[in-house]
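Structure, as structure tokens:
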């Protein structure tokens, strides 16, 4: 973070993003913010908001805003961890075959196309239903939903707020990983720091093999964000909203543009959960093929699926009173104390 600031202060630097520390400060000046603009330990510069920046806005404040820059272009980019009952010694002899099977089942790279059959009507339903669609179609286990943020479905999703161009980009990409820092990775438990918590999650020994999937809403989410930025630039002029960085384009939460974005963003978030669920289905098939077993016999259960690029309407206690907030998390995840109602019952 400080390297970014140092380089920005050098003469001749043009273009790109502002240093993360400046971006945190710019977010702190946005209308309707509650408390602080928060930067997390791994923060680095991004579009508008820094990556690793969190900010909440009061929905009861007529001036409060929602900003696509506070979510990012890859809406509901997130991470899913799947356990197995395999050990490293089981995988080492067949790791090349397993890697090839995963590549065969999960397309990767820019412009990759998925292998999940999907028509236009199904696509509309998956945007609205999220993981309820994958459950209905047989791509998820019922318990997968219980171990997913929002149970894999944002109820305010409205596919009509997703442009035809966004849908065209997303339709062929279902079940694909994409590129950049996204990955599907076979991992080994190297250390257990809390045996009780690990046991609850089905992690019971060093050397246990897990699978981690990191991806998001692909081209659909990118287009939803792009479309919103265009409409919000117009809304800012109309409503006379001033920001310190044009990448912080935004709209009043309760304006037409703000609500349209939140509904379209929720549909893109649902698509991302469907995407990770379909990749989970494909990964289970790949493991089953290599180890000549069933995914259930391999204990391939989802430990948890959490988003790190999202904005949600949540109720929080602020200065002793409940407030309804629009919480932007970019490169940041939610976290709850023990016994919180949104934590899975078995945890």
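These residue numbers are counts, starting from 1, taken along the chain as shown.
Note that Cβ sites are derived from N, Cα and C of the backbone, with glycine treated the same way.
Just so you know, TrEMBL annotations are computer predictions that nobody has curated.
Here TrEMBL flags 74, 182 as Mn(2+) 1 binding site. When secondary structure is read from DSSP and collapsed to three states, residue 182 (Mn(2+) 1 binding site) falls in the coil class.
Positions annotated as GMP binding site by TrEMBL: 181, 182, 183, 184, 185, 308, 309. Every protein chain shown contributes to the tally, and the Cβ of residue 185 (GMP binding site) ends up with 10 other Cβ atoms within 10 Å.
Counting every protein chain shown, 21 other Cβ atoms lie within 10 Å of the Cβ of residue 308 (GMP binding site). In the three-state DSSP assignment, the secondary structure recorded for residue 308 (GMP binding site) is coil. According to TrEMBL, the Mn(2+) 2 binding site annotation covers 214, 308.
Each residue contributes its Cα atom, and for residue 184 (GMP binding site) and residue 214 (Mn(2+) 2 binding site) those atoms are 6 Å apart. Between the alpha carbons (Cα) of residue 214 (Mn(2+) 2 binding site) and residue 308 (GMP binding site) lies a span of roughly 10 Å. It is 181, among the binding-site residues 181, 309, whose Cβ has the fewest other Cβ atoms within 10 Å in the structure shown.
Residue 185 (GMP binding site) sits 20 Å from residue 74 (Mn(2+) 1 binding site), taking the C-alpha atoms as the reference points.
The CA atom of residue 308 (GMP binding site) is located 10 Å away from the CA atom of residue 74 (Mn(2+) 1 binding site). Among the binding-site residues 181, 183, 309, the ones whose Cα is located within 10 Å of the Cα of residue 74 (Mn(2+) 1 binding site) are 309.
The DSSP secondary structure for residue 74 (Mn(2+) 1 binding site) is coil.
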